[in-house]
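Since the structure comes first, as structure tokens, the remarks are kept for the end.
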Amino acid sequence: MSERKLFTSESVSEGHPDKIADQISDAILDAILAEDPEAHVAAETVVYTGSVHVFGEISTSAYVDINRVVRDTIAEIGYTNAEYGFSANSVGVHPSLVEQSTDIAQGVNEALEAREGQKDDLNLIGAGDQGLMFGFAIDETPELMPLPISLSHKLVKKLADLRKSGDITYLRPDAKSQVTVEYDDNDQPVRVDTVVISTQHDPEVSQETIRHDVIEKVIKEVIPTSFIDDNTKYFINPTGRFVIGGPQGDSGLTGRKIIVDTYGGYSRHGGGAFSGKDATKVDRSASYAARYIAKNIVAAGLAKKAEVQLAYAIGVAQPVSVRIDTFGTSTVSETDIEKAVRQLFDLRPAGIIKMLDLKRPIYKQTAAYGHMGRTDIDLPWEKLDKVEALKQLIG
């Protein structure tokens, strides 16, 4: 009898408190970059009942109306009703932003290599901090993402679409999903074992109605029928009631959903969050570059799955390490893949920014439903434009 292996990932909706915070931080980043592409931004947000606090470090020539950006973002998410305990019109907004530390700025604005006389424009920017970052890709889905996180994202995105379109009128913005996938002996996904969905709702609707609508209009519309069978388990609002939600139910903070933002736990994570950070922060830009590399490796047929680790020292342009792990699935040696990667991808912060055009205001759209594997928006790190070059270099 074959061994039954299960893997579970979760996602949360744009109305989840932590995701509200992420979206506000990235909306502020985008507003600044739209006026000043050279800005350095580290914007953190805390949300709770009736209040938003924005704090962090920013160096920019731009003027941004933080109050307006915060309120517009909250309204777009759907918190426009005072009954929710958190509303765009009535929430208190408390910004506390200061200039970036000069000690940090001197290493970011002029990398160690430039200070030592290595005259190259791409040596001008040093990494904004030390750290390690991971990127991952796997051939389980067309977007080369693990199936559990892919389905989890699509479920909460479908809930939001139905709420915003008015197709399900009783839904409120906060929601969570969790999908457990069963794998066979060859590590191929064969079925969905369990689906958990908790969705905020108006007080008068019955749980029977919610269960019916979520199964019929969300789950069955998102998960392919080939993965569903009579033994698939559904837990819909298993507490029995979810009226109080969003920041009224729980406080939210930027950077607390880093596993949701990436691969749902299927790959390793370096620990750094993304939202509110400009591209000189390698927590963000190098994670995108690592995904870009991993996705092109898998798309080129060099491996069935690939994990890329990058690591940096603060104020230094060149990464201190590059590691490729294909978990025994590669068709060529990992050493050859790593050599090709080093030759093809400039992994200095300025090189990544140039390669992926990261000075643009493109970040708010990534702050809910995942930064990786998105098929609904155009993201530069999801491009497959290095596939042929990788094949040619490796032969």
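Cβ coordinates come from backbone N, Cα and C, glycine included.
Since we're looking at a predicted model, the values are computed, not measured.
Taken from Swiss-Prot, the feature ATP binding site covers H16, D174, A175, K176, R241, F242, D250, R256, K257, A273, K277, and the record attributes it to sequence analysis. Taken from Swiss-Prot, the feature Mg(2+) binding site applies to D18. Residues or ranges marked as K(+) binding site in Swiss-Prot (evidence: sequence analysis): E44. What Swiss-Prot records for E57, Q100, D250, K281 is L-methionine binding site. Annotation source Swiss-Prot lists region 'Flexible loop' at 100-110, citing sequence analysis.
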From E44, A175, D250: binding-site residues whose CA lies within 10 A of E57 (L-methionine binding site): E44
Minimum Cα separation from D18 (Mg(2+) binding site), reported as the residue among binding-site residues A175, D250, K277, K281 that achieves it: D250
Within 10 angstroms of the residue listed as 'K(+) binding site', Cα basis - binding-site residues out of H16, A175, R241, K257, K277, K281: K277
ATP site span - longest C-alpha distance across H16, D174, A175, K176, R241, F242, D250, R256, K257, A273, K277, in Å: 36
DSSP state at R241 (ATP binding site), helix/strand/coil: coil
Closest of H16, R241, K257 to K281 (L-methionine binding site), Cα positions, binding-site residues only: K257
Neighbourhood of H16 (ATP binding site), C-beta criterion under 8 angstroms, separation at least six: D174, A175, K176, G246, G252, K257
Whole-number mean of pLDDT values that fall within the region 'Flexible loop' (100-110): 62
Binding-site residues (R241, K277), the one with most neighbouring Cβ atoms at 10 Å: K277
For D250 (ATP binding site): intrachain residues, at least 6 apart, with Cβ closer than 8 Å: P17
